[in-house]
């Protein structure tokens, strides 16, 4: 059996397992909620980068002082 036909068989089996669902584009959120979610994800990704930048610049301060 060649690899190509094995892949095709595996795809067919996976499709049978998931049924007719396929990809669900609707996640039950409004466009505004999606924007908020994306913004929160971006903030969470940027937070470690900013901390790393402060450490490299020699400006690192204790996080406890910043939070109070």
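Cβ atoms here come from the backbone N, Cα and C positions, even for glycine.
Remember, TrEMBL labels are computer predictions, not curated facts.
The list of residues near the compositional bias 'Basic and acidic residues' (1-15) in space but at least 6 beyond its ends in sequence, with Cβ under 8 angstroms from a Cβ of it, is empty. Per TrEMBL, the feature compositional bias 'Basic and acidic residues' maps to 1-15 (among others).
The annotation compositional bias 'Basic and acidic residues' is assigned in TrEMBL to 23-42 (among others).
Annotation source TrEMBL lists compositional bias 'Basic residues' at 43-54.
Residues or ranges marked as domain 'Small EDRK-rich factor-like N-terminal' in TrEMBL: 1-35. Across the domain 'Small EDRK-rich factor-like N-terminal' (1-35), the prediction's mean pLDDT works out to 80.
Look at TrEMBL and you will find 1-68 tagged as region 'Disordered'.
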